[in-house]
C-alpha cells in the first residue's frame, strides 16, 4: 500500500524541531524505504550559514517552500573558477547539475525541500572550503555518501576542530566555519 501524501505545512507544525544545526535537515523519504526507493527527500530549515561547499556526483533539485535562500555555486568550467550566487525565492524551483560545488545559505524562518537520487556505488561526494581572501581551495574531504545527515556533520566538525585544515596554503588566512553576520545578504522573498 502506498503512503499518503505529505502535507508539508502540517508536517512543519508538528516536526520543525527536527531541523537542527549544524545541518538543519530531516529526511522525509529515504531510498532504503520500499515505497520511495531511488530518492532522498529532505526538508531543510534555516538558519544555515556554514561556509562549506558540497560536491554531489548527482543532480540536486531544490524547492523553496518558505522565504528565500541563496545558493552559492562555483563554475569550474572557467579559469579561474567563477563564484556565482543564485537566489532561490519562495515558491521557486532550481535544478543543480551534478558535480557543481554549492553552498546552500538558508536564513532564519525559511524552509526548503531538496531531492537527491542515490549515488552510484563507486561515486564520491566532496566537502570543500574556499578561501574568503584569494578563492583558493583551503581543504576538502571526499567520501562515499551513504548517510548525508551524519557524514556531512562529521566532516564539518572535523574541519571546525582543526586550525591547520582551516588555514589557506596560498595566502595564510584562516577560513571560518560560518559566515559572519552581514557577510551574506538574504535575497527578497520574491523576485524583483
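Every residue, even glycine, has its Cβ placed from backbone N, Cα and C.
Fair warning: this is a prediction, and the values are worked out from it, not measured in the lab.
According to Swiss-Prot, 60, 102 bind Fe cation; the candidate from 54, 89 that the record adds to this site is 54. Across the fold, the C-alpha of residue 168 (divalent metal cation binding site) and the C-alpha of residue 106 (substrate binding site) stand 25 Å from each other.
Non-local contacts of residue 60 (Fe cation binding site) by the CB criterion (under 8 A, 6+ apart in sequence, same chain) comprise 95, 96, 102, 114, 115, 116. Same-chain residues at least 6 positions away in sequence with a Cβ under 8 Å from that of residue 54 (Fe cation binding site) are, in sequence order, 101, 102, 103, 104, 125, 126, 127, 128, 152. Proximity to residue 50 (O2 binding site), defined by a C-alpha to C-alpha distance within 10 angstroms, is shown by the following binding-site residues from 106, 131, 171: 106. Within the set of binding-site residues (102, 106), the lowest number of other Cβ atoms found within 10 Å of a Cβ is recorded at 102.
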